[in-house]
Amino acid sequence: LPIVVKAFEMEIIPANRIVAQIGETLILTCNTTGCESPSFSWRTQMDNPLGGTVNNHKTYSTLTMNPVSIVNSHDYLCTVFCGEKEKKEKSIKVELYSFHSDPIIEISPSLVAGEPVTVICKIPDVYPSDRLEVLLKIEEHILHEENFYEDDSTNTETKTVAYSFDPMAEDIGKEITCVARLPIANMDFEPKERVTSQKLNANFGPQNTIITASPGNSPMEGDPLKLTCVTESNPPPQIVWRKYLADESIQHLIENNVLSIPHAHFTDSGLYICEVINLVTNKTEKATMDVVIQDGPKNTMISVIPATAVKEGETVTMKCTSSGNPAPVISWKKKATTGESEKIFKGATLTIQNIKSQDLGLYECEAYNRFGKEEKAVKLLVQVPPQNTTVLVHPSENVKEGENVTITCSTYSNPPSQMVLKKVHQEKEIILPSVNGTFILYNVTKNDTGRYVLDVFNEVGNNIKVIEIAVVGRLEKPNQMIPLIIAFSCVTAIAVPVVAILIYVSRKAKINGSYSVVKALRLKV
């Protein structure tokens, strides 16, 4: 097949003519086909500066004007060489305009009905200004028309139209409108008309300033809160938000008419101040709103003075604190032996004077408001020395030799008591300790006769009982080893009983004076 060779061609994009606004970015592209390694050059009519940046690529070249300025109002020529002999060139016309923003209206001085007022309309950075037309209206009534056909400016300029008139009382509140037009028929751009309106109002205020809260000034914690400062003022005022702090200082927040709190916290509660300042009338007005962030009880705590463990007869003060809004109502309950809780007091501070053993137990503080409740508990321990101690000797304190003697002790105390049984000897004291309360003397002899002292004690006190045991008559028994078992158990109202049994041996029936055996017992203990 024959090889098709494309002819060397070029084009400029966009073609022929382009309308660009001063300040924006414009890119002209010179593109080629049918040439492997073209070379490009750009120039302007009359060889003025390009006013842009050239970037050459393999088959095309770009001229970037960023930003477009008045120096870019030219015919641009792109010349392309393909080898040494082939050359092509095309031109494009860049036409400029500037019509960036709406007119700005100023009305002065402060408007008073019956006195002249001047309306000034400014059209910023316009080009070409010799095509500019300006129209001033009050409502639909035309006040003034002006054009700048004779203007010979060669760059962007801000044009001003001023017009003075005597407004009537009924004109106050009506809209003054400035219409600016740049009607260049053969230039394709939009908009070609810009409009600004402003009410013909007297300078006043601020007045009737209030704060509105959305959804309200008592949101739940975590909810959004928006405070809006609403006022009547002309011109629009400066607005500053402040908040009174707990230490009576004032915290500066923001300068905006809306104060937004995305997630309200308990600490956001307080008195908010909106201060409105009109710099023209030199007047200031304030509005306040008390914001209360609502929440269920939290951070509930119990403090106990002097401690959770006290001696019988002392005074205990239990104080319950809780945060929340509205302020939680606090009440006290005590857990009964049945497991049910019984309400005993309403208030934050529960005081128990001359405390008794029946006052011990679990106390519950309940903090409640309409958004919920929270409970905390504390266990109160009443320390009681041994009391109501009873000692029983069976069969009696006077027994015959060879019988068994049982000594039983019971007491009430908290914490649980320890017990020590002492036998008083003419030479020394024999101590028989135990944790259980029942002593059994097997096969007693006359040597077991004597005074026994029972010492019942805990951390807060003790109780002593004295027992006189008399052994009469001797039962004749063969000379043999007889075990003596002494078991002692303590029964208390609170402690869990623990049984300890001490077994002693090597006691001979015929040995005179069994205290030697008791000494052995003491050594084992």
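Just so it is clear, glycine is given a Cβ too, placed from its N, Cα and C backbone atoms.
Annotation comment: TrEMBL describes 2-95, 206-290, 297-379, 386-470 as domain 'Ig-like'. Feature annotation from TrEMBL assigns transmembrane segment to 481-505.
Helix, strand and coil content of the domain 'Ig-like' (297-379), in residues and according to DSSP, is 3 helix, 56 strand, 24 coil. The helix, strand and coil residue counts that DSSP assigns across the domain 'Ig-like' (2-95) are 6 helix, 52 strand, 36 coil. Applying DSSP to the domain 'Ig-like' (386-470) sorts its residues as follows: 3 helix, 60 strand, 22 coil. Counting residues per DSSP class in helix, strand and coil order gives 3 helix, 51 strand, 31 coil for the domain 'Ig-like' (206-290).
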